[in-house]
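Trainee: Dropping a structure here in structure tokens format, bear with me for questions.
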Amino acid sequence: PKYRFRKRDKMLFYGRKIMRKVSQSTSSLVDTTISSTSRPRMKKKLKMLNIAKKFLRIQKELPTLQLKEPPPSVLEADLTEFDVANSHLPSEVLYMLKNVRVLGHFEKPLFLELCKHMVFQQCQQGDYVFRPGQPDTSIYVLQDGKLELFLTEPDGKETVMKEVFPGDSVHSLLSILDVITGHQRPYRTVCARAAEDSTVLRLPVEAFSAVFEKYPESLVRGVQIIMVRLQRVTFLALHNYLGLTNELFSHVPPPSPADVPLCRTCNRYGSSPSLAMPPAPAPSAMASGGSAAPMTAGNQVRAGKGGLGPPPPPPCIQKGPRSDFDMAYERGRISVSLQEDSTGALAAFSRERKSVTVEEQPSGVYHYNYCEDDSATGDCPFGPYQGRQTSTIFEAAKRELVKLMKVEDPSLLNNRVLLHHAKAGTVIARQGDQDVSLHFVLWGCLHVYQRMIDKAEDVCLFLTQPGEMVGQLAVLTGEPLIFTIKANRDCTFLKISKSDFYEIMREQPSVVLSVAHTVAARMSPFVRQMDFAIDWMAVEAGRALYRQGDKSDCTYIALNGRLRSVIQKGSGKKELIGEYGRGDLIGVVEALTRQPRATTVHAVRDTELAKLPEGTLNNIKRRYPQVVTRLIHLLSQKILGNLQQLRGPFASSSLGMASSSEPTNPTSNLSTVAVLPVCDDVPTAAFTLELKHALNAIGPTLLLTSDIIRARLGSSALDSIQEYRLSGWLAQQEDIHRIVLYQTDCTLTPWTVRCIRQADCILIVGLGDQEPVLGELEQMLENTAVRALKQLVLLHREDGPSPSRTVEWLNMRSWCSGHLHIKCPRRVFSRRSPTKLREMYEKVFEKSADRHSDFSRLARVLTGNTIALVLGGGGARGCSHIGVIKAMEESGIPIDMVGGTSIGAFIGALYAEERSAVRTKQRAREWAKCMNSVFETVLDLTYPITSMFSGSAFNASINKVFQDKQIEDLWLPYFNVTTDITASAMRVHTDGSLWRYVRASMTLSGYLPPLCDPKDGNLLMDGGYINNLPGNFFLSHPAADIARNMGAKTVIAIDVGSQDETDLCNYGDSLSGWWLLWKRLNPWAEKVKVPDMAEIQSRLAYVSCVRQLEVVKSSSYCEYIRPPIDRFKTMDFGKFDEIYDVGYQHGKVVFDGWSRGDVIEKMVKDRRSADFYESKRMDVLTCPSAGFTDLAEIVSRIEPAKPYLSDGYADEESDYLTEYEDEGLE
């Protein structure tokens, strides 16, 4: 065939050829010395050049963002599962290490010592591995075959709690604790039977005792891990998610060796009422409500207790690797340096003080110092006998405490035990408190309460009677207190602070056994049964937790690490659905509805989870039917989230199960962040310190560098031989901090590799004013399978130019989940030595972080607390947006991202570029003057086939405002919404030419022609036709989940749209236009409200928008604001200042009310409280379209128990808990 040019292409070809020659000649002329005679000639040539450019429409093409798919390492799990064949360790050792999580925290020699005690056990089908009545003294790991774990009911029936497959284990850590503490128990209601021929590995728990004797410092650490598992796994699943409270604790007080002697001591010195009569407190003493913090005596306060970050260790720790006890110390959030006080002169001096003092505490608690002085009579609170009796009671109580804790040297308690008296009604410690102590009751009793899930009421768990302790679990684990301790009557007790208790354990580690046993004794039989069924499992980075289409037989709870959910569409394409962090519930919908897994979930990095099997859940539902209500509540949250979405990736066949309150946003709920510099010029140290300062305002933050690691864990901490200890220490830091920052080295060192491996998200930090470049470190990482999401962060100087060429930075990298521009304070770029830099930032840390700084914005992005501003369309009424924004700035509300439609897209783009309401107002006012020009409007009229105006004048006005600015170059993340009439869909624009997409979002049908999308040529119109206030697309954009990726927690939506008349005339079945005309022309006729053709077309166009607006107004995530602007018309741009003032005054009134009602504080507050694990966010999964009746039926379904003859092995006593009678408490 004969090819030929089209005429248009030929003209463009020759035109460009001429322009190249002209530009070459002009450039050569510019380079030479230009004489005065040649200047006019140059001007003529330049004019000709501009005329030619206009005539040929030659424009410099701006670079566009290249769309990149996430790499396979992000979306795909490893094909190989747990690889036994290729490991150098025997399979039995691997299985034991993989499953019995408590063993994983031991050093290699300890673990191998344990493995020597393993024995094999062959079981035929139907054989019992263990049954009720046999001693509960072993850990079982299945090597091949299949086991079933049964719960035997009192009537002889048994139900399957869980099925055990190769590699899984059967054990109870509470039973392990019983054996170690010397309180061995038999199996009572739990038995395991081989479902087929099986090989079982058995590890006797006595092996632990032998190992602990050989390695005594590991004892505290081992028991601590068991306690952490009890609180983190068992209580998390049963309390936080299933809503159980007093069912978890035994209400019959455990036998205590201290009961009788204590009563004798009290009776010897008078009746109990006289014992409880200290001097009456001042009125202010009872008013504060009982904080536990002020209860420590003045002379007991020691240096180094405060602060969120881990304290510097003593020199002895820095010299070499940290011991197990030091790790236990830090796990308990105790400063290791405290040990210096116990042996120093300060402690010796304080022990010699023997005067009697009574200190009135703010919480209504009195403290008595140790006393022996008989002559002191004025201040002792124990009536006429005074000092000697107080001293005798104190000594007798200490002796009982020595017996209970099995302390070998009673002097260990000297100066570490405080005697307290609490008045009735005093709160000793509150749920969520971090600074907790041990309380040993002498007289009276302490009530222990727990807040019910989803209810603002407390339930009494148990009473702590004389001779019993309370507070041990929180002291041992270092976790926040899970209940409130209150003295409902006058009560006297001994108190040991957490730091003092750890000092006692350092001197005598075996003390931990007797204290841990008091915790285990308080657990109900139900918790012991659940401890067998709920597993603590680990998933390595890249391994699949489950795959799409797998059978759903359990629910998971993420304890630490990170998981990613990916769905594979019918076309084979994989799509990122969401990510899960600490405290998130995974797979609950499919497990409850018995649907195959809807997505594949794999570990982004090494992850620990709690696993709740289906059989266990059924058993809990049968025993405690109120759990069903809780499960319906969890599922209804997801269903309601969908009803707000109405569209989603699963809309065609089923409901997408995204929670309405907290979306599964890939960059939210992060626990670890790695900071990786592009080049050596990046001030990485200053950047991480500045970011740490901003993050500290949200929660406790730890910054780690290779130097800090070596200083704290020893110079050999990064050696491969210390791999396991370092992993354990880093996991512990993640537990006790809201977020951990990893600062990489500038080269690919072992520490840099470790940072990448630990990261939930990687921040690639570059300098915005430099040439776009790909760093050497990045190039090395491109060759490795990095699973963490990457974010590009570009730093800019305070007095530097605006961001530019961001597209080039993004295009030269592989897939990035987002980018941010950060304007840095001058101190970030100041060149200082590391010592001087740290000294400077120590002063900076003394001040609170600026909420409006870019570093605070980055901190909110990383913690999922961003605040989004969404601006609606409404023509000239949109000028009020600027007034509301000005009021927001004055009220201290930060704005982290901006989105909008129509005029909202225009105002939003201005604010995202300027970040100042004043500058935004100036530029918007200038544009409004242009819009008010009649002359330019008339000149733009055209023959009305597509539209009344050609759009040229309007384009020029928008282009004049934004020039060639790209959306990627705006200071704040920005998006706008348009209607794609080619594809009949909504479009969300987050990149590309700013003025074009703003113009497209403002294109009103009939007035302006649709704008051709420069990317694909589709015709774009005003986004208001689909969604005039796009707040809900922060949570449910059906195509790209734009706002989820951007991570909005709170959306402030400002609506300025016109309100349609709803009180229309009912004119019957037909309508005469002549009748309407008569009604309008006749001044005496009654006016009728009937829409004309134009209004009907307009209403039809905005039907979808009105529905979306109602969803936004009623949603929980959105703060809806509508200024009183109804009196202004769409084209009233001449009233700019008046409309602005209306928005400003309305905003001031609204935000003043928010300030008084703590709405603003709640917005900027972290979504996770002090207890990191209490999270409402659920997973994004699918469930067949079902009504609420079906939902209740699905959740309530309980499998019938199998009848089974127990052969006499069933426990005689019922493990069912008795009802907790309030009368019995008093």
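Yeah, the Cβs are placed from backbone N, Cα and C, and that goes for glycine too.
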Trainee: Quick check on the annotations: TrEMBL lists region 'Disordered' for one of 30-50, 324-344, 1206-1226. Which range is it?
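Mentor: The listed stretch tagged region 'Disordered' in TrEMBL is 1206-1226.
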Trainee: Which stretch does TrEMBL mark as motif 'GXSXG', out of 775-779, 900-904, 1015-1019?
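Mentor: TrEMBL lists motif 'GXSXG' for residues 900-904.
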Trainee: Between Asp1022 (active site, proton acceptor) and Ser902 (active site, nucleophile), what C-alpha distance do you get in Å?
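Mentor: Counting only the Cα atoms, the answer is 6 Å.
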Trainee: Can you name the far-off residues of the same chain, 6+ from the ends of the motif 'GXSXG' (900-904), with a Cβ under 8 Å from a Cβ of it?
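Mentor: For the motif 'GXSXG' (900-904), the far contacts come to 870-879, 881, 976-977, 1001-1002, 1022-1024, 1027-1030, 1054, 1056.
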Trainee: Using DSSP reduced to three states, classify Ser902 (active site, nucleophile) as helix, strand or coil.
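Mentor: Assignment for Ser902 (active site, nucleophile) reads coil.
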Trainee: Between 0 and 100, where does the mean pLDDT of the domain 'Cyclic nucleotide-binding' (401-505) sit?
Mentor: 86
Trainee: Kindly report the helix/strand/coil residue split of the domain 'Cyclic nucleotide-binding' (533-638) according to DSSP, in that order.
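Mentor: Helix (H, G, I), strand (E, B), coil: 30 helix, 41 strand, 35 coil.
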Trainee: Per DSSP, what is the residue tally for the domain 'Cyclic nucleotide-binding' (401-505) in helix, strand and coil?
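Mentor: Each residue of the domain 'Cyclic nucleotide-binding' (401-505) counted once, the result is 23 helix, 42 strand, 40 coil.
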Trainee: Let me check the 10 A CB neighbour count of Asp1022 (active site, proton acceptor). How many other CB atoms are there?
Mentor: 27
